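Listed features, source Swiss-Prot:
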type    : residues                                                  : note
DOMAIN  : 14-178                                                    : domain 'CP-type G'
BINDING : 58, 59, 60, 61, 86, 87, 130, 131, 132, 133, 134, 135, 174 : GTP binding site
């Protein structure tokens, strides 16, 4: 599955982010806790250089908690502070400012020693589309400032947002790479809804989701669709799910498009519980 999706505003965002780094104290890199590595754009490393950073594992309520802990340890071992958060209900957000102060303490101590008046922390929020940047900003600012939605790419311009007296945030459009080198990265992004459904082969995504569930969460798969056993043949598995869910056409034939929609919707709406689609060792 080849996915290419790189709107012009994303290329512009990269240039503007690079320019704004001089104004920034710290970067909040927002990733999807279900796919922390796949939801990181490799070129972000090149853009950020050695800027202080906090990795925010968003949508942690949707991810397998044990796997999320593995990821936090993985990033900490790389010298990157990481926090589990939920930008929708605010879980973990109260840790962001204290963690930022701790990381930036030496910098602000030097500023005070030079007689520079203390100011708010200036942070840049960066991440791929649909990872929850706008929702996070709105939650922190307690206002509906940034546009939000479940369509990837909804934030199209950069803006500064004041969060109390201690923090100023710069939101950026989601930055996605031009072409996925690894097909699995594209599939993981697609199954979690980070890529527009209109540009992907949804049946490929459903097959990926089923195979993943079969390998890592087989009991949940059987329970959800009332299966005694999971057929080895993927077509038979589709047939079984389509039949169980009433995805039928005239003559009793399986409607594969409808079955595909059911599978993907069930995954995205947590009908299988909390799922993590990659681990640090994968």
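Glycine is no exception: its Cβ is also placed from the backbone N, Cα and C atoms.
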If you draw a 10 Å sphere around the Cβ of residue 132 (GTP binding site), how many other Cβ atoms fall inside it, taking every protein chain shown into account?
21
Tell me the coarse DSSP state (helix, strand, coil) of residue 132 (GTP binding site).
coil
Using DSSP reduced to three states, classify residue 60 (GTP binding site) as helix, strand or coil.
helix
If you count CB neighbours within 10 Å, which one among the binding-site residues 58, 86, 130, 134 has the smallest count?
86
Which same-chain residues, if any, lie at least 6 apart from residue 60 (GTP binding site) yet have Cβ under 8 Å of it:
33, 68, 84, 85, 86, 91, 92
What mean pLDDT score does the domain 'CP-type G' (14-178) have in the model?
85
